[in-house]
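Taken from Swiss-Prot as is:
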type	residues	note
REGION	4-184	region 'Large ATPase domain (RuvB-L)'
BINDING	24, 65, 68, 69, 70, 131, 132, 133, 174, 184, 221	ATP binding site
BINDING	69	Mg(2+) binding site
REGION	185-255	region 'Small ATPAse domain (RuvB-S)'
REGION	258-334	region 'Head domain (RuvB-H)'
BINDING	294, 313, 318	DNA binding site
């Protein structure tokens, strides 16, 4: 299994939570990047406020670490309502969801992270709640059991997932606002790094922020994590200020290279190049070659490598691109 503490892992780590919370923007105007999504949300939120209605149900999907939870909180702040947060695996029984729904006030946001992992029995309860703001509850057991309907206040369900394709069709169809988050460009990440440094009261120049941003794999969570580690290096080895020189040396020490790759990324790419002559190679063979599960490759390692043009998916398997060979200063065979 892949190590849970990879520095450039986009999934949240225990030490991220409290620090990320302090760095999160609170309103849309403070939110950097995702321009199309931000523009859409401004329209939808203003329209709902003008009509004095709850915002339509929203599905936010995309790779981990891009700000799905942050966006859900911003939606609640912009609407001026409360937010209750949970996750799909936590809602094991219908009663778990019913307890949350019955405590919502009019217009509130219910945020369910990893919504693709909801159990079928919980999902069934969610359908009438989303469509009709009604909760169907079974009272009693056996032959004496009967169903009663409870009216719920209008609310907004915000679901977040890294695997939109894993949602059932009936659930996916009930979201009126689907929003896909993309990897961030370096310019926007530099802005995020600079803002986070200000929150941390850390002296950083534009080149230092850029160097951290370009090694952050298009992911704000990784950028903030790298910033904290570069800060440590700057305070111990230098005068505490983060320059390009300091950032380069700190990240080289941390084994995060110029493309934001760590040893696992290099291991995957070199396996395709060396063991399978550049590909194509099937996912199962590749997983066996590097000692990882196929889901880890698909969900954790591959997305960024494909998006950046280092791996190509074909019907016959994965292929290392010319850019992958260039990264390792190798010549791609004809």
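We number each residue from 1, going along the chain as drawn.
Even glycines carry a Cβ here, placed using N, Cα and C.
Surrounding the centroid of the Cβ atoms of 294, 313, 318, where the record places DNA, the chain contributes additional residues within 8 Å, namely 281, 282, 283, 286, 297, 298, 302, 311, 317. It is 25 Å from the Cα atom of residue 132 (ATP binding site) to that of residue 69 (Mg(2+) binding site). Annotation: 318 carries the greatest number of neighbouring Cβ atoms among the binding-site residues 24, 68, 174, 294, 318 [cut-off 10 Å, Cβ to Cβ].
Summarised as a single figure, the pLDDT of the region 'Small ATPAse domain (RuvB-S)' (185-255) averages 94.
When the binding-site residues 221, 294, 313, 318 are screened for a C-alpha within 10 angstroms of the C-alpha of the residue listed as 'Mg(2+) binding site', no residue qualifies. Residue 294 (DNA binding site) is 29 Å away from residue 70 (ATP binding site) when you measure Cα to Cα.
Helix, strand and coil content of the region 'Small ATPAse domain (RuvB-S)' (185-255), in residues and according to DSSP, is 51 helix, 2 strand, 18 coil.
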